[in-house]
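Record features (TrEMBL):
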type     : residues : note
TRANSMEM : 18-41    : transmembrane segment
TRANSMEM : 61-83    : transmembrane segment
TRANSMEM : 90-115   : transmembrane segment
TRANSMEM : 219-244  : transmembrane segment
Amino acid sequence: MEAQGGNRLSCGTICLKYLLFLFNILFWLAGAAVLAVGVWTLVEKSDYISLLNSSFYSASAYILIAAGVIVIVTGIIGCCATLKEMRALLIVYLVLLICIFLLEIIAGVLAYITYQELDEELRQNLKVTMQQKYKQSGEDDVTQAVDKLQQEFKCCGSYNSSDWRDCAWIQEPLNKRLVPDSCCKSPGDLCGLRDHPSNIYKVEGGCIMKLEEFILSQLYILGAVGIGIAFLQLVGMMFTCCLYQNLKEEPY
């Protein structure tokens, strides 16, 4: 009976090992996905940083990259602890899982609070930035960001195309454009001479609404990913505790 009991325990431990190993593979892949999203955000959408006074956008990208690296490293530690059957390393792994889980909760709350502030800042500053800095000397980053924003989101002006009437560049005597060429549905040199709806984007709410929708969609994606990883972590904690109880003390 004891042998049979020992076999049952051995089989249970083996099952736990493989389940925890599978969990770590999924956890590692999740970390790689978070890292990829962070790099993509920093590389592809970094132009918009110049339109915001806040460092929230760039900071969030770096946080994602750091989080991805931490999750990947934690997953590797988990794999080593599982395969080597080291109780001490399992404890380290469990503590890391708990820390990451708590950090996710804190980050989620801070992200929600910061988004409310960022949204208000966006509404207050985008119009002024576009009117005062577009095509001005030393403001190439802003000009590039505005052009990319209007073309990518198919919008014109912060709230509507009439916002460009008060733009310092539009009001220059030698400039005959009514809107920047990036407002045009088919961009070309001097296409901004006409601001008719057939020629330019006339989107209700303008670029502010489009940018708000984009940032909010990113937060939804991050929230979904965070919830998925949090669920994986809870499962991993359970498997880790069970495996820890079933493993014998390592001989030293």
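Placement of Cβ uses the backbone N, Cα and C atoms for every residue, glycine included.
Note that TrEMBL annotation is computational and uncurated.
Tertiary proximity for the transmembrane segment (219-244) is limited to same-chain residues at least six positions away from its ends with a CB under 8 Å from its CB atoms, namely 13, 16-17, 19-20, 23-24, 26-27, 30, 33-34, 37, 64, 71, 78, 82, 87, 90-91, 93-94, 97-98, 100-101, 104, 107-108, 111, 115. Tertiary proximity for the transmembrane segment (61-83) is limited to same-chain residues at least six positions away from its ends with a CB under 8 Å from its CB atoms, namely 17, 20-21, 23-25, 27-28, 30-39, 41-42, 46, 89-90, 92-93, 96-97, 100, 103, 107, 222, 229, 236, 240, 243.
The list of residues near the transmembrane segment (90-115) in space but at least 6 beyond its ends in sequence, with Cβ under 8 angstroms from a Cβ of it, reads 56, 60, 63, 67, 70-71, 74, 77-78, 81-82, 215-216, 219, 222-223, 226, 229-230, 233-234, 236-237, 240-241, 243-244, 247.
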